[in-house]
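Quick look at what TrEMBL annotates:
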type: DOMAIN; residues: B:88-294; note: domain 'ABC transmembrane type-1'
type: TRANSMEM; residues: B:20-47; note: transmembrane segment
type: TRANSMEM; residues: B:94-114; note: transmembrane segment
type: TRANSMEM; residues: B:123-147; note: transmembrane segment
type: TRANSMEM; residues: B:174-194; note: transmembrane segment
type: TRANSMEM; residues: B:229-253; note: transmembrane segment
type: TRANSMEM; residues: B:273-295; note: transmembrane segment
Ligand SMILES: Nc1ncnc2c1ncn2[C@@H]1O[C@H](COP(=O)(O)OP(=O)(O)O)[C@@H](O)[C@H]1O
Ligand SMILES: [Mg+2]
């Protein structure tokens, strides 16, 4: 049986353009012998020019390690990294046209805000007049003109964040690496800076590689996301792809809330499959790229892609709990086969469909709602 | 009945009393051990030398005059005390050179230790302090064994056929310098290490990231941030170096004197205690001025940070 991979789950049609960074079969092993840890286990990924690319994954999955390899602070144990088609292995970090916004900001405490921002240009040997002009421009870009003469210890966390950004952008790198730059900020400031970052990326046209463990941040900001787990990249795609078409259980689980249902595959055609759920209901589901069918499969359905109804539906169960969230309501349902299923319904004033505990309900699964997992 | 304000006042008074009471031992020690002897030295410098050492209680400025000037024994005319000035200059020069040399050797050493994994740092520090366990005199004689004409270096060079006459290293200023660098190196390494250990090495990476070469990172990031350690280490080396006694007497061979040897001479064979006292105070003044100038110049505008 030929499986057609043209479902867009992994191979997103490329926005035409060059690859800024190509990571080819990179492994990174720390330690020796028994204590060996593979921080990166054969990672390959291409990052396009001018794109806002996000590495998303839980703490310890190897995101920082990958950035450090690109920046040149560490060297791959295996594989190669190309910058605009050229292997950067022989370049020390101070010769790579790549700048980093460090998680800790790493601002120089013995310099002023302006001196910090001008440091990279100064090291590149630019003339004083050019440095001053560029620093002024950067200060304006991050709205810090008034604090140029301050020491970095005399400004707030959000302001330090801006200085770190301006400092990394000032030398006009080809690629900007951002290692969880917003994780130290409080919620409101973080939201502001998310918008600010998008604006900066748009205005400068620099390729951003952004690291986060916050799925919401990744979904709202990125052009494309690579989901990482235990040193591997599991899936690369646009936020929509990642959210709607997760290829693996980890991806589906890590991003948003998900219902997992066991199913049997009846037939496959054109990248879609007819599957029979445990309840006996038959639905249509999208297949992931590179799927090797063996009869059994797990189907994922996002809570908002299903609908609870009073009668009928594809599957049925009993309402266990109803949680009101203002904009929407989560209905937790115990299916007849014992599994749990959550449905998220948008709230509207006057809409009569409310559910109560213990009530029998049916669940309608939308036509394009179900996705089959690779594993 | 006492008002709240009165009670508070009493408590405050009690606290002030306690503070003085608690710091009294320290104050007494400082007074007795530091200021007391200093005052006695100052007093002696204005007295007249006794015939067999000691002083006679008669005011005289002769001690101070002979720090810088020499009185001709025949016609009583004054001229510059060239010998003293040579010794001043040598002491100052050797102390500065020893400080710079310990900094040059100590900086990479401290950096090396500070960049080791945390577990192994203690071992390195321990190794650095081992020489402290041995008496200064013995360590100095060890240096003598290495650099003397029949010592390891000369023997090796002659056996290798590189030279055929031993190089005279012992009893030179060079020998004194080597001895002082060897003896005072830990005094430089330890404070340097203390400030490097606190150094945030992510700042070093940030420097590399912003196109700074290794040398620029050292000069623009590491050095300004460990400046307190450099200052502390330099002071710790410079002060004992300028007052060094054992090293110049063993390795300088009595002919290349330094301050301390000159002072010792006045209290010993010279039997001129007031001159010895005046010389001691002169050294102190020189050290203080040197430190003031040094600290002024090194704690520039860039060094003001946490
Ligand atoms: N210098 C190192 N030495 C040993 N192990 C390391 C080192 N750096 C990272 N690791 C390990 O590699 C894995 C990935 O780390 P990291 O890239 O920092 O993860 P993330 O940034 O995604 O949280 C972790 O298990 C971590 O313990
Ligand atoms: Mg990290």
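Cβ coordinates are placed from backbone N, Cα and C, and glycine is handled just like the others.
Any TrEMBL annotation is an automated prediction that lacks curation.
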Revision key, fill the gap. Long-range Cβ contacts under 8 Å made by the transmembrane segment (B:20-47), restricted to residues 6 or more beyond its ends, are 55-61, 63-64, 273-274, 277-278, 280-281
Review point. In the same chain, who gets a Cβ under 8 Å from the transmembrane segment (B:229-253) while lying at least 6 residues past its ends?
Key: 91-92, 94-96, 98-99, 102-103, 106-107, 110, 136-137, 140-141, 143-144, 147, 170-173, 175-176, 178-180, 183-184, 187-196, 223, 259-261, 264, 283, 286-287, 290-291, 294-295, 298-299
Exercise for review: Give residue numbers and ranges for long-range contacts of the transmembrane segment (B:123-147): same chain, 6 or more residues beyond its ends, CB-CB under 8 A.
Suggested key: 109, 112-113, 116, 153-154, 169-170, 175, 178-179, 182-183, 185-186, 189-190, 193, 246-247, 250-251
